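**Q** Have a look at this one.
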Amino acid sequence: MTAFSEILQRRDWENPQSVNIHCLKAHSPLASFRDMAHARDGIHAQRQSLNGQWKFKLFDAPEQVDGQFTQADFNDAEWDEIPVPSNWQLQGYDKPIYANIKYPFDVNPPFVPSDNPTGCYRTRVSLSPEDLLNTQRIIFDGVNSAFHLWCNGTWVGYSQDSRLPAEFDLTSHLVAGENTLAVMVMRWCDGSYLEDQDMWWLSGIFRDVTLLSKPQHCIEDVFITPELDACYRDGSLSIVTTIAAPETYQVQVQLFEGTQAVTEPNIARPHNRRIDERGTWNDDVVFQTLHLREPKKWTAETPNLYRLVVSLLDENGTHLESEAYPVGFRKVEISEGQLKLNGKPLLIRGVNRHEHHPELGHVMTEEDMIRDICLMKQYNFNAVRTAHYPNHPRWYELCDQYGLYVCDEANIETHGMQPMSRLSSDPQWAHAYMSRYTQMVLRDKNHPSIIIWSLGNESGHGSNHNAMYAWSKNFDPSRPVQYEGGGSNTTATDIIAPMYARVNTLVADEAVPKWPIKKWISLPNETRPLILCEYAHAMGNSLGSFDEYWAAFREFPRLQGGFIWDWVDQGLSQWDENGQHFWAYGGDFGDEINDRQFCINGLIFPDRTVHPTLQEAKYCQRMITVSLQEQTQKACTLLVTNENLFRTTDNEQLNWSLLENGQVIQTGSQVLSVEADSQTRLEIALNFTPKAQAQYYLNTDICLIEATSWAPAGHVVATEQMALRNHAGLAMPTLRTQPAPKLTENGHAIVVSSLDEKHQWRWDSQSGLLMEWNVDGKAQMLAAPQDNFFRAPLDNDIGISEVDNVDPNAWVCRWEMAGIGQWERHCVQCESETLAHAVVVTTTFAYHFGGDVQAITQWTHTLSNDGEMLLDVDVTLADALPPMPRIGLELQLPLHQADTPITWQGLGPFENYPDRLAAARFGLHTQTLAQMHTPYIFPTDSGLRCGTQWLQVNELAISGDFQFSVSQYAQQQLAEAKHTHDLLAQERIYLRLDHQHMGVGGDDSWSPSVHKEFQLTEKHYRYQLRFSPASR
């Protein structure tokens, strides 16, 4: 018996050779069905969940633990209870720590801090004498970061690797009746040096704990390899079954579709019997093959699954137990420089996904997983990378079932190590590396959804990677291996897998330069496909120029897509002292080593509501595209392209609508039937009389006819909008004949009134500002319209993701140096004159900062008797200024009601920015004031709508060619707030009207990533806006 003091002295948690002790060999998940029909139907598995309330106590370090807690008679009455699975930091113990690169402790591998929070767990399990006739194994699916296990006071073993199962044989330690399990979990171990992923550091038993009962003679593992013939028509299964049984025992395999057998039973006996060093029989291996003519193929589009039942029979043919696995017939290969599935080159519409729950941390329920998968499919994702570790076992089963391609990634990242490859090249760590990779492959090898293995993430490149790669190609040559480290194109990867390489621009400020992806595939002797393991960093208001990636993917066959970073904002639910909810990020728990909001870079919020960026991703990744080929006044010819590689559009309907000046005037629908990977032409009959100078658009929505497993009937899978030519002539111009309004100058006041006194404007000639604007005595604004050059910085503007200090090249730093947002305004001149039909008030402003004039603007107001004001703004900027955030104006309007409707004719309905508007459609949109604001967890500028021609807010209508946003928050408040609960909604509406607005960027979030064509580099701008009463 191993004493507790010996375990403390041995310090397995600081020894990279002690990966696991007494753990059973990794294998595919086992269920031990005692009936073949049960195995076929997946019912009555011999698995007992040990999830529930366990006794718990947290100690400061392993040395502080009372070793008697392992004993059955230990009095734990004063201990707390904690749910298993859970992370103890989210149950009121210890604190979460978020870091992207930095280790949250001093780097001195393999040693960890002496201050090493240690959670001790206890639970009791009752077993009958009949239970003890079988072997009993306990499986911990995930424990962070390392643990020792005791059963009835006897030490059982040790394990680390937070993201893979640890399985122990408890049979010899159990008794009939009540049994006590005790677990000691350390927050830090040497394995923590290999788990430096961009996520929260959380601890505890956070995945399921299961007791598996198996007969003495049993199936230990099954390895299934599906194959397709050269024509990708007929299929076969290679099945390797490992058993612990006498040589006279047999293995039967049979394939089912539902309850129907599709092959005859195949029975075989073991081969290659060996006697091990203990003089006993070693595991026996049985090789079998099944053939099936023209099986239904598995793809993400058509996730057809069969079920293989593998049964152990004794020498008399008596059934002992069965295991069963879903089977998908598919073939993954790289040929002609492309990653192919069933002979077709894939286009990876992928996303990186962390296992994150806003209340439960790293605990994921099946409902959470299904919700994520359905959202992914609804937004046109077909692939997921398990960034950066093996996921919960159930995740892969659901990906098999619903249809997602999976890049399965080993739990290895040493991002904070200097150099990054330090441990990757160290033979002392080779066993730890190999264990993490091989055990992942051994667990997950039978899932058809897994089409790529990944050696890990951001660990440089070293001999340990080469060893993993070599083992993988030998053990499972049916799947390619990818790895980004060391330049994305080392000999340890079958796929060029860069992160954040750009479409056309060289990223040269890296240790290893990242070529433009278009150039990368044309480098000499480079024949591999390129799939970005990470791209389009979706941090906050981001994803600018995403459509450029997809244009390149569709143009160049060896550019085969990528995985967006990333799926979900890793915010944790918290409440402030006033009971107001907010999403917490790094530093909010007193974690001094942190990377702030860099964990907030998802396409969806923590509660799974969607960001506007997800709309752009959905559009660019759509599987069905529609383009306008021909147009007459009576008809349009559309080209419909089905980018699905394996399925006809047999459940899709094309709904179309004709818009006149943003309003629908005609609709129609047509069922689609387009063969996989092909095109067809459709003719749409139009029945309308065009109006002079009206704008016409044809919208198409491709919708599901019937519900699927991942979306309801009517779900829109793809949209398109096409501008149509107007065949009508021009409209006759309207001449203004009304008299000019009345102009009065009184001291510093310039007052303009309509002749009926209904409309009145008043300027202060000293400030040059329009101080009052009344209609029927009712104020139209609360503060004067003013030039606006500032935006509350976006995460991409700040550019401080991986360093403590602001990069001087970051937009926010350049804007601060130029004083943008701090300029002093001086009125140079304010004058007025009466014309034949209008009064003109002209004001010139100079903006000063640092002793220099930074900008000069001239506002020319042309006022008509009917209450219309035409505003002409001329802007001249100093040559030394950096590209500007925006060119526009802001005015403050009264707030009449909280749900004030905002109606506009322009791009929408969701938020869009100049470099992120491919998904937006021109139309007449109405949303409430609240809907116009996007509550980014780290507050920034939000809510812009581009391509606007007309806008109504309250009783005010604005027309022109502009972009706008409305908000109850001042820009400065947004700039200063760190969380949404810091924002206090004002009793007014901030209306921002922009002539030009800089793009948001998003190739990455730590360098200035706004493309040049979306930067405001000109030094002269001029724009016009027309204001009028909405009731006019």
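One is the number of the first residue shown, and numbering goes on along the chain from there.
Backbone N, Cα and C atoms are what each Cβ position is placed from, and that goes for glycine too.
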**Q** Among D196, D198, D1003, which residue does Swiss-Prot annotate as binding Na(+) at the site that also has F598, N601?
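**A** As annotated by Swiss-Prot, F598, N601 share the Na(+) site with D198, chosen from D196, D198, D1003.
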**Q** Do you know which of E367, E458 Swiss-Prot groups with E413, H415 in the Mg(2+) 1 site?
**A** E458
**Q** For D198, E413, E458, E534, listed as recorded positions, tell me which one has the smallest number of other Cβ atoms within 10 Å.
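**A** The recorded positions D198, E413, E458, E534 were compared, and E458 has the fewest Cβ atoms within 10 Å.
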**Q** Can you check what DSSP calls N594 (Mg(2+) 2 binding site), collapsed to helix, strand or coil?
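**A** It is coil.
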**Q** Beyond E413, H415, E458, what residues of that chain have CB atoms within 8 A of the centre of the Mg(2+) 1 site's CB atoms?
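**A** Leaving out the recorded residues gives I101, D196, Q197, D198, H388, T414, G416, M420, G456, N457, S459.
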**Q** Inside 10 Å of the Cβ of H537 (substrate binding site), count up the other Cβ atoms and send me the figure.
**A** 25
**Q** Cβ-Cβ under 8 Å from H388 (site 'Transition state stabilizer'), same chain, 6 or more residues apart: which ones?
**A** Q197, D198, E409, N411, I412, E413, G456, N457, E458
**Q** Over all shown protein chains, what is the count of other CB atoms within 10 A of the CB belonging to W1006 (substrate binding site)?
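**A** 19, counting other Cβ atoms within 10 Å of W1006 (substrate binding site).
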**Q** Please report how many Å separate the Cα atom of F598 (Na(+) binding site) from that of H415 (Mg(2+) 1 binding site), as a whole number.
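**A** Their Cα atoms are separated by 15 Å.
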**Q** Tell me the Cβ contacts of H415 (Mg(2+) 1 binding site) under 8 Å, same chain only and six or more apart in sequence, or just say none.
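**A** When sequence neighbours closer than 6 are ignored, H415 (Mg(2+) 1 binding site) has N100, I101, D196, Q197, D198, N457, E458, S459 within Cβ distance under 8 Å.
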**Q** Counting across all protein chains shown, how many other Cβ atoms sit within 10 Å of the Cβ of N601 (Na(+) binding site)?
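**A** I get 27 for this one.
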